[in-house]
Amino acid sequence: MDAFYASVELLRYPQLKGLPVVIGGSRRAPDDELLARHAGLPLHEIPVAEFPLLRDYVGRGVITTATYAARQFGVGSAMGLMKAARLCPQAILLPVDFAEYRRFSKAFKDVILSIAPVMENRGVDEVYIDFTEVPGGQREGGRVLARLIQKSIFEATGLTCSVGVAPNKLLAKMASEFNKPNGISIVQPEDLQTLIWPLACRKLNGIGPKADAKLKGLGIETLGQLAAQSLPWLVQHFGKSYGAWLHAAAWGRDDKPVVTQSEPVSMSRETTFDRDLHAVRDRQELGAIFTDLCERLAEDLQRKGYMGRTVGIKLRYDDFRIATRDHTLALPVDDAAALRQAAGQCLKRVPLTRRLRLLGVRVGALVRTREWVAAAGDPLARELLLRPAPQTSEQDADPYTASLF
DNA sequence: TCTGGGGTCCTAGGACCC
DNA sequence: TCTGGGGTCCTAGGACCC
């Protein structure tokens, strides 16, 4: 989806169309006051001059999305709001409204599912779609189906998206970036040299800041240069697994399927404080936040129907270093008191001399509550639920190898 | 001028078991 | 008295993604 959060906001506030708008700020909503002052007035009639400006924002936080008009000024996702305010002080700042974005997320995904049922979620604003078996999915290299999806989403939601069509997910993801916003791009295997190899390594989904810096240090700037390296050389510098992946990816090879169903692995809640807090001096405040995080996490678990037995905490110190601790319980839990109890034990095992800027609570090793309750009286069934399904290896299927061992 | 929140996956060492 | 090899689980940290 194109500038998803910002585009959803523009549906509510069409008077902001064409203006630099940024969404962000984790703190108190900057426009609460605005909405209160104009209670009763339809949202689209609130005068532009009434909206809060980025220059007036005081506090922490980053931009989650910027309109294309705002991007002209050099502001973009993940940039600190204070820095963005210097680049584009006149930008309008709106708070994030996840509930609203989730609504539109479901709406556009429902449209896609009605057309092409093999869809993989990639977060709130992105999906992979398998065109292979969709009627007409091969016409004009996929362009016809891509256009149909764009048109259907726009009619249902008023939102635009960009589509990349390619033989695999890796190339499709890159293709989707070629023609933003509201564009379609088709990449065939024979386009590797002309369309992919000139790109910076960082454009590849899976090469982040660290790997990119290391590649640069080795004199590798583009995907073409990466593709020119031998497999053993890459393995030597990046390890067996990542090295092999880098090699395959640079050659446009990716055989990962479109996964339509998946179980959550963990759930968490975390918060960055308005100011750094000290475990002793700000004990009360920290304790209240801690309890609140556990309560919200418990709500999440119960609403989604999961329990978990690995409970953990995450701290971010004032110097931005991160510490985590976790603890696995004998039985899964989903209530705030149990989470708070277990997380509290974790807190005792972590250094607390430095001031903290973030506290988080996490729960993993999830089981579906319904299945756990159903196995209530059966210790064996419970035991099986707590152990993840064993990985079936190639060796198991090979009678010769199996007999040897 | 400091840098959000919610995730997944990988690695590596140690405990523990057979 | 000195010492194997394989496997799983737990824990901590880190890279990366949206």
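Note: Cβ is positioned from N, Cα and C throughout, glycine not excepted.
Among the features that TrEMBL reports, domain 'UmuC' is placed at A:1-208.
TrEMBL lists A:Y5 with the feature site 'Substrate discrimination'. In the shown protein chains, 27 other C-beta atoms lie within 10 A of the C-beta of A:Y5 (site 'Substrate discrimination').
The feature Mg(2+) binding site is assigned by TrEMBL to A:D125. Secondary structure from DSSP puts A:D125 (Mg(2+) binding site) in coil.
Per TrEMBL, active site is recorded for A:E126.
In this structure, the C-alpha atom of A:E126 (active site) lies 12 angstrom from that of A:Y5 (site 'Substrate discrimination'). Here A:Y5 (site 'Substrate discrimination') is positioned 9 angstrom away from A:D125 (Mg(2+) binding site), judged by their C-alpha atoms.
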